[in-house]
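Peer 1: The domain 'Lipoyl-binding 1' annotation in Swiss-Prot covers 1-76. Feature annotation from Swiss-Prot assigns N6-lipoyllysine to Lys42, Lys154; the stated evidence is similarity to another entry. Residues or ranges marked as domain 'Lipoyl-binding 2' in Swiss-Prot: 113-188. Per Swiss-Prot, the feature domain 'Peripheral subunit-binding (PSBD)' maps to 242-279; the stated evidence is sequence analysis. The active site annotation in Swiss-Prot covers His516.
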Amino acid sequence: MYEFKFADIGEGIHEGTVLQWNFKVGDKVKEGETLVIVETDKVNAELPSPVDGTIVSLGAKEGEEIHVGQIIVTIDDGTGTPAAAPAPAQVSAPTPAPAAAPQVAAPAASGDIYDFKFADIGEGIHEGTILQWNFKVGDKVKEGETLVVVETDKVNAELPSPVDGTILKLGKAEGEVIHVGETVVLIGQNGATLEQAQAPKAEAPVSEPKKGAGVVGEIEVSDDIIGGSEEVHVVATTGKVLASPVARKLASDLGVDIATIKGSGEQGRVMKDDVQNSKAPAEAQAPVQQTQAPAQAAASVAPSFAAAGKPQGDVEVVKITRLRKAVSNAMTRSKSIIPETVLMDEINVDALVNFRNEAKGLAESKGIKLTYMAFIAKAVLIALKEFPMFNASFNHDTDEVYIKKFINLGMAVDTPDGLIVPNIKNADRLSVFELASQVRSLADDTIARKISMDQQTGGTFTITNFGSAGIAFGTPVINYPELAILGIGKIDRKPWVVGNEIKIAHTLPLSLAVDHRIIDGADGGRFLMRVKELLTNPTLLLLS
């Protein structure tokens, strides 16, 4: 019997909402098949089954919340009876005991239960929402098949089954929130049943538990496998590398064999820092080390206040999505911490319009849609090199400013579910054409909710385009812990004084918000003037 629990995947996520079950009780499920889709603050996560088996029970219904550590589903994977998962407790000094000879796992007639828990993969994510189950109780599942999709603050994660077996119980229903440490699913192996899992057990000496998996995407984490009889079984480990998704991606980018890295996380899980410390240039290490300290201090600064109650009269009650809740929390945190000031200007971009029109044909021949945003981004990147304080963050606990030697340019994207701010890593190394291509693909992936957690973390400066909504000026909210954000208005045609004449010109409104604790208005004005100079003379963009 396998209890699949909702795992901690970092980024402050503690819960999720079950959106959709793909299986029902009694269904056979294969390992890796998507069991359920869970919505979290950031993503809709598909949770794959960790085992083959039959779905015995669903832990939550569609629309219900599931918390980290809660059981998503119980799967009969034919392995036997689960024991109660050990509760966290204060550990006293152990009494010395004679070393016992290694025990060999003997076949258990009643089978084993695999308790698949939602794992902590770092990034501050503590919960997620079950979006979709691909298996139901009673289904058979194969190792690697997607059990369920879980939405977290950052990604929609497909959780694959860590073992073959039968689904005995789902820890949560679609739409429910699951927390780190909660059971995602119970998977039965070797004929285990849910009744065996629920049966009281005689106390037995505790043996070394098997390392199973609580998975987000492709990440294996530790878990418990519970013996199906009163005998104590020592089960061999899976041999898979336990690692966070960010660590896996970074290892791949750096060409590091993740199997050779010693993990510092829980039960040896390889984290981002482990990969960076093994083989990473200082440039790659800086984003992690320099952005975390301010973020940790943020929570204590936000004020508390009474919530508005339900008004009297005829009202419609709408539950906000997890993404909208995440946006709400981020905006509240930023406005509570940052005393921002906003500078505005409007510039004549006739030269930029003509320059873009001349370059569009060449861009199209390369399969690139050349937008104004690519030129604006390039101008901002050049200005950030010249004004490094705008590419920094401030730790108000230590009174330290972290000036970053890399530029990860954030692009605010309006999605049907809410605002998401992914970023382009090392954007200053890209040409205008390369920026155009990346901006387009990043926006498409964000709207489709296909971006990774890595693409949503480590930003150093953000551009937001409220011109797409037909707005000229605005007061953009700084993406904490960054120190500034540039708002772009709509390009319009209006009368403009050129020399001693009034002509119709293309104009671009700019709104720059800065953290006034670190950046003064005069500095903001100089930064904005440099961006203005580059956009009114677009050939300068090619000389950088």
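Placement of Cβ uses the backbone N, Cα and C atoms for every residue, glycine included.
Remember, predicted model here, so these are calculated numbers, not experimental data.
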Peer 1: Could you count the residues of the domain 'Lipoyl-binding 1' (1-76) that DSSP puts in helix, in strand and in coil?
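Peer 2: Per DSSP, the residues of the domain 'Lipoyl-binding 1' (1-76) fall into 0 helix, 42 strand, 34 coil.
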Peer 1: If I restrict to non-local contacts, at least six residues apart, and a C-beta distance under 8 angstroms, what lies near the residue listed as 'active site' in its own chain?
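Peer 2: Long-range Cβ contacts: Pro339, Glu340, Thr341.
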Peer 1: Mean pLDDT, the domain 'Lipoyl-binding 2' (113-188)?
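Peer 2: When the pLDDT values over the domain 'Lipoyl-binding 2' (113-188) are averaged, the result is 85.
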Peer 1: Across the domain 'Lipoyl-binding 2' (113-188), what are the DSSP residue counts per state (helix, strand, coil)?
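Peer 2: In the domain 'Lipoyl-binding 2' (113-188), the DSSP-based counts are 0 helix, 41 strand, 35 coil.
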